[in-house]
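As structure tokens, the structure follows; a few thoughts come after it.
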């Protein structure tokens with residue numbers, strides 16, 4: 001799979017009128033020639049740098065079950081999702097690794113000795129998993145996540161939606177699963193299809209053998225999204241202005257958004273969003289980072305998977 005780096009913009013100077021010719025002796029002329037050669041070499045180096053920045057790098061990925069070796073990588077990606085929110089990402093990472101019959105991590109295939117010295121063969125480029133919030137109710141991280149989404153729902157939505165979300169999260173007869181799919185920003189979305197296909201197989205197997213996460217009636221997804229700065233996407237205060245287009249960091253999550261029965265956004269503008277593995281650029285238009293919370297019925301997953309196959313099949 002190939003990821004493409006954005007080419008660096010080079011600022012051009014304003015042309016100046018030529019100076020009058022100046023007489024030089026032979027030594028001065030040699031020095032000028034040497035300086036010109038140095039300038040040529042420097043220009044060549046800059047051109048080579050630009051070529052490197054603009055080149056495509058092909059990396060093959062492979063999926064593995066979650067293990068203790070993946071702790072740091074998974075936790076880092078979870079921190080990228082929750083930012084400064086009061087969520088115990090260490091405990092959440094532990095819970096995901098403990099239930100390693102569910103979920104996968106993606107790593108580079110066969111890191112050779114000749115590759116970049118900074119490349120760690122165990123580096124986690126992304127992961128997918130699911131945590132049954134109903135089964136894990138009472139653990140600190142689960143309580144914190146539920147409080148987080150309810151708090152922002154109260155700030156951004158009508159009272160009826162807050163009550164609806166609270167009811168869904170506390171109905172023990174219809175478990176809600178927290179769907180987590182995080183990856184470096186420059187990992188292409190095509191990787192999502194096999195990851196979700198494998199997750200669906202694992203969830204079906206867990207349901208068949210009565211293991212944790214086996215049955216969820218709803219999926220809760222917190223997605224990294226962006227809107228053009230200054231645009232209002234809140235549903236609490238209706239406006240005649242057209243809502244800004246919502247852009248998804250993980251492109252495939254738009255299909256989940258379309259099937260969600262409950263959804264809202266909240267801003268994370270004040271928090272440090274470093275965008276692991278890359279930087280966002282939308283034609284140099286200032287963007288406001290958001291988190292989009294969605295609740296998707298479990299019986300809609302087959303339709304979503306069909307969409308993923310249609311758009312992400314290589």
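For all residues, glycine too, the Cβ spot is worked out from N, Cα and C.
Listed in Swiss-Prot for this protein:
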COMPBIAS  25-56  compositional bias 'Acidic residues'
MOD_RES   42  phosphoserine
MOD_RES   112  phosphoserine
MOD_RES   281  phosphoserine
REGION    1-56  region 'Disordered'
REGION    59-167  region 'Interaction with BRCA2'
REGION    161-259  region 'Interaction with CDKN1A'
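Mean pLDDT for the region 'Interaction with BRCA2' (59-167) in the predicted structure: 92. Helix, strand and coil content of the region 'Interaction with CDKN1A' (161-259), in residues and according to DSSP, is 37 helix, 21 strand, 41 coil.
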